[in-house]
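Please read the structure below before turning to the comments.
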Amino acid sequence: MTSPLTPADQLIIALDGMERAEALAFISKLPEVSWVKVGLELFVSAGPEVLADLREQGLQIFLDLKFHDIPATIAGACRRAASFGAELITVHACAGRAALAEAQAAACEGAAEVGLSAPRLLAVTVLTSWDQKRLANELCIPQSLQARVEWLAELAAESGLGGCVCSPWEVSGLRRLHPSPFELVTPGIRPSGAELADQVRVMSPAAALNAGASRLVIGRPITRAVDPAEAFARCCLEIEQRQLD
């Protein structure tokens, strides 16, 4: 039987807006953190070497590059990304069934070639900065946002992926359709009192987990806090209290 995840295992700290040295210095002050997210900005500025640096600190990596291209290109990118040791890697669900299936197979091959465990690929559904009105007006998508996310998550599951990325607003409906171990990783997490910034579909850590989220991605409320360690501890406490209720 799988042991329940600890609060630290359920929180992924997004190292967005940081250079390599800043990211490494920041995370070294948070020894309780287990997971970090490396996104496009940090990866483009620092390269794959930053992943090795973070792994040396014992951290697990959510490599959030949101690959979206033709199947062969996505597969090649996922093969290389898996060889860097990331545990979670994102691809856009809109890339389609062939691209998702080939990406999953390539990631397994890339990890095996360097003696690593296969990563879990996550399909990005609809970004948390989008709302229903923009989806219709800018992309001409007539589906409701919930229906769109559920359709893309089903595509990911049918393609053999291990989970998807969605806002916390869609988690409850998705969890009914896709029981664990299908992972639902949710950005748009805002503890009580935190600013929304450019996120639209947001929720508190406890509420998102109660809805069925597997892991939570949280950035600015911790990385820009006056005391990041204390902010992280507060999030963990909120999760612990939820587990006791």
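Using N, Cα and C of the backbone, Cβ positions are placed for all residues, glycine too.
What Swiss-Prot records for Asp16, Lys37, 64-73, Thr128, Arg190, Gln199, 219-220 is substrate binding site, and it gives sequence analysis as the kind of evidence. Here Swiss-Prot flags Lys66 as active site, proton donor, drawing on sequence analysis.
Annotated features taken from Swiss-Prot, shown on the structure.
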residue: Asp16; record: substrate binding site; contacts (Cβ under 8 Å, 6+ apart): Lys37, Gly39, Glu41, Leu42, Gly219, Arg220, Thr223
residue: Leu65; record: substrate binding site; contacts (Cβ under 8 Å, 6+ apart): Gly39, Leu40, Phe43, Ala77, Ala81, Ile89, Thr90
residue: Lys66; record: active site, proton donor; contacts (Cβ under 8 Å, 6+ apart): Leu40, Thr90, Val91, His92, Val124
residue: His68; record: substrate binding site; contacts (Cβ under 8 Å, 6+ apart): Ile74, Val91, His92, Cys94, Ala95
residue: Pro71; record: substrate binding site; contacts (Cβ under 8 Å, 6+ apart): Ala95, Gly96, Ala98, Ala99, Glu102, Ala103
Coarse DSSP state, helix versus strand versus coil, of Pro71 (substrate binding site): helix
Where Asp16 (substrate binding site) sits in the secondary structure, as DSSP reduces it to three classes: coil
Gly219 (substrate binding site): secondary structure state under DSSP, collapsed to three categories: coil
Secondary structure at the residue listed as 'active site, proton donor', reduced by DSSP to three states: strand
C-beta crowding around Thr128 (substrate binding site), within 10 angstroms: 22
